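Asker: Below: one structure in structure tokens.
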Amino acid sequence: MTDTADQTAPAARDDQPQAPGETPEELLAEPLEMPAPGPAPVGFRFPTDAELMDGPNPLTDPDDEEGGEDESGDDSDGADDSDGSGAIRLDADGFPILDEDDDADESADAADTADSADSARVEIVVPDFPEDFRAGFACIVGRPNAGKSTLTNAMVGAKIAITSGRPQTTRHNVRGVIHKENAQIVLVDTPGLHRPRTLLGKRLNDLVRETLTDVDVVVFCIPANEKIGPGDRFITRDLAELRTPVVAVVTKADTVTREALAAQLLAVSELGEWADIVPVSAQRNEQIDVLEEVLFKYMPLSPPLYPTGEITDEPQQVMIAELVREAALEGVRDELPHSLAVVVDEIADPDDEREVGHIKGAGGRLQVRVSLVVERDSQKAIIIGKGGRRLKEVGVTARKGIEKLLGRKVYLDLHVRTAKDWQSDPKALARLGF
Ligand SMILES: Nc1nc2c(ncn2[C@@H]2O[C@H](COP(=O)(O)OP(=O)(O)OP(=O)(O)O)[C@@H](O)[C@H]2O)c(=O)[nH]1
Ligand SMILES: [Mg+2]
């Protein structure tokens, strides 16, 4: 559950749309085809001038037969676009793959390139984007349970963050992308800001504060059905120190009467200085488009930050673990939700030739082994339930979600173990990815 903010940070954001060393005419070629939305973080960025000019040149390297196999193996295979359309394909790191046979060692490439410096260059197709394209980051903050993740999912139009009625559901930054014709808004859903009682709580608060410093607009969620409290005032004071514009969003508008909503909007307007105030109901999809329009105004001119159609860069393993945690959170009370962590121990694919012999068939189902980690043995008993019934229910619910995510049948193996007081143990936190 590591945050991948650095990996996906835009390489070159500027106030002017820019392409590396290309004239607008050159950019009007056919658009770049991107890998299908895949599990691994793509970390897409535009190639620099040097990369464009110095890359290997298949036209001048006809004898280069080496290293044709894609070594990144697992994930990138599925995303590979080899339809022969002539479009540039990207490798797992988002760099253009110029030819199947061209991932030989760099020194050989350098020598070959030097030999054929005057030869024709391969045409590089840079994604086409309008001059007035806007793209940037919107960070979603608020108390635990304020509806941040539900709002994120509603705006992205797909479930990328888990949600629950238990506070502190989100434990890492989850990025989701809204794609518009002329804009991209990268939403960063964050853990709820709260008075920390454990080391985990403190780390989550710190993570949100760090995230806030580098975004274009902040979305502050305040639920319509709860009185503004010390928690909201605490966040308001924090936000007032930023120079970033803050849009106050009154969430869960469907839960109150019109009068109560009007009263809450008034109370929110008196709470602080806001760039805008928008009431929404994420559950009913009401006013979501209005909020998107408001956020759009704060996006700077910039090339797209994510490939077309990619709605998140959450690693597949993290999404799987989160779906199991969401299923396990259902119906548990008190401190248990805080005490529960979930990690994927192994994913084995019987269809993968390298795995044969290691795993038993199970009808070609992807085999996913997951650990649910609690802090005490008494909690272990609750999670497992009488005769293992609860754990079985968790498994069924989670498996459905995982199969939907992966688009294939899954065999899910859940294992419950205890790591004493992991929330306050730095070593255990590190092992669990915090
Ligand atoms: N009725 C209604 N319920 C909502 C709405 N948005 C969120 N909820 C519910 O509020 C609860 C909390 O939602 P989350 O989206 O998980 O809240 P969060 O702010 O991400 O919570 P943390 O990650 O714990 O900080 C869930 O039970 C949601 O179903 C809404 O628009 N209407
Ligand atoms: Mg959340």
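Note: Cβ is positioned from N, Cα and C throughout, glycine not excepted.
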Asker: In TrEMBL, which of 127-130, 251-254, 399-402 is labelled region 'G4'?
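Answerer: Residues 251-254 are the ones TrEMBL records as region 'G4'.
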Asker: Select from 163-167, 168-172, 283-287, 423-427 the stretch of residues annotated by TrEMBL as region 'G2'.
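Answerer: Within the set 163-167, 168-172, 283-287, 423-427, TrEMBL attaches region 'G2' to 168-172.
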Asker: Filter the candidate list N145, K148, T190, A253 of binding-site residues, keeping only entries whose CB is under 6 Å from an atom of ligand 1.
Answerer: N145, K148
Asker: Taking only the binding-site residues G142, N145, K148, T190, L193, A253, which have a CB closer than 6 angstroms to any atom that belongs to ligand 2?
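Answerer: The binding-site residues passing the 6 Å Cβ test are K148.
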Asker: Translate the DSSP assignment of N145 (GTP binding site) into the three-state scheme.
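Answerer: For N145 (GTP binding site) - judged by DSSP and reduced to three states - the answer is coil.
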